[in-house]
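Residues or ranges marked as transmembrane segment by TrEMBL: 6-23, 30-52, 72-91, 103-124, 130-148, 157-178, 204-222. Marked as domain 'Lycopene cyclase' by TrEMBL: 132-220.
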Amino acid sequence: MLRYNFLILSLIFSVPGILIYLFRKDLRKTIRILAVCSVPFGFTEFLFYPSYWEPVFLFNLVNYIGFGIEDLIFVIGLSAFTSTAYPFFFNKKLVEIKLKRQISSATILFGILFCCFFFVFLFAVSEFPIIYGAPILMILISLGIMAIRNDLILPGLFGGVLSMIIYAFLCLILLRIYPDLFQLIWHTEKFINRNIYGIPVEELIYGFASGSIATLFYPFVFRHGYEKII
């Protein structure tokens, strides 16, 4: 078994976001804000471990506090590229727009986060598999945002697809480093148990869902839209 497999995974998933941060100064604020907002989700590892997967954690922290250092690195790295893949690859920038609503950005932010953690709590209590619950929740919130902001429909869809492609590419890199990783660490036999090029379908769904909601999160909460860079 590859030692520190989750740490290696987390570091690999941080690379795309770091590159975008270096090349697009205008997206750095988005990355920083999404990084902060993503941190609480790193504390939910106990809902995935060990039912969905059993990676190796530094200092075996997951068995003491329910999550590891790797979880925080992973969610920050994931949020960095999922929130900016769409504007980066489609050459878009975020611009402030005027909307009729009077609800403050802080209220919307805490409302979305509250909904997320409320439903995560329900999933935990009901023992509904979080690997299904998390993507369902992210997709439902994304659809709700798209219903309110029609201008964000295409960004949400394209952002989801782009993130899934990047997610899959990173998984393929992991498979090159450690060919049996998904067979040994993931318990996909308990779930869909289907792979695409060796990648569990659950991971691809998760990549799409996280990409969609991350692409929509900043412009929706802070009243911004996507505009072509001339």
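The backbone N, Cα and C atoms fix where each Cβ goes, glycine too.
TrEMBL labels come from automatic prediction, so no person has curated them.
Secondary structure of the domain 'Lycopene cyclase' (132-220) per DSSP (helix as H, G, I; strand as E, B; remaining residues coil): 73 helix, 5 strand, 11 coil. When each of 6-23, 30-52, 72-91, 103-124 is scored by its Cβ pairs under 8 Å to the transmembrane segment (157-178), the top-ranked stretch turns out to be 72-91. Scored on C-beta pairs under 8 angstroms, the neighbour of the transmembrane segment (130-148) with the top count among 30-52, 72-91, 103-124, 204-222 is 204-222.
Residues 6-7, 9-11, 13-18, 20-21, 23-24, 27, 30-31, 34-35, 37-39, 41-42, 155, 158-159, 162-163, 166, 207, 210-211, 214-215, 217-218, 226, 228-229 of the same chain, all 6+ positions outside the transmembrane segment (72-91), place their C-beta atoms under 8 angstroms from a C-beta of that stretch. Taking Cβ pairs closer than 8 Å, the transmembrane segment (30-52) reaches residues 17, 20-21, 62, 66-68, 71-72, 74-76, 78-80, 83-84, 94, 109, 113, 116-117, 120, 123-124, 129-131, 186-187, 190-191, 202, 214, 217-218 in its own chain, all 6 or more past its ends.
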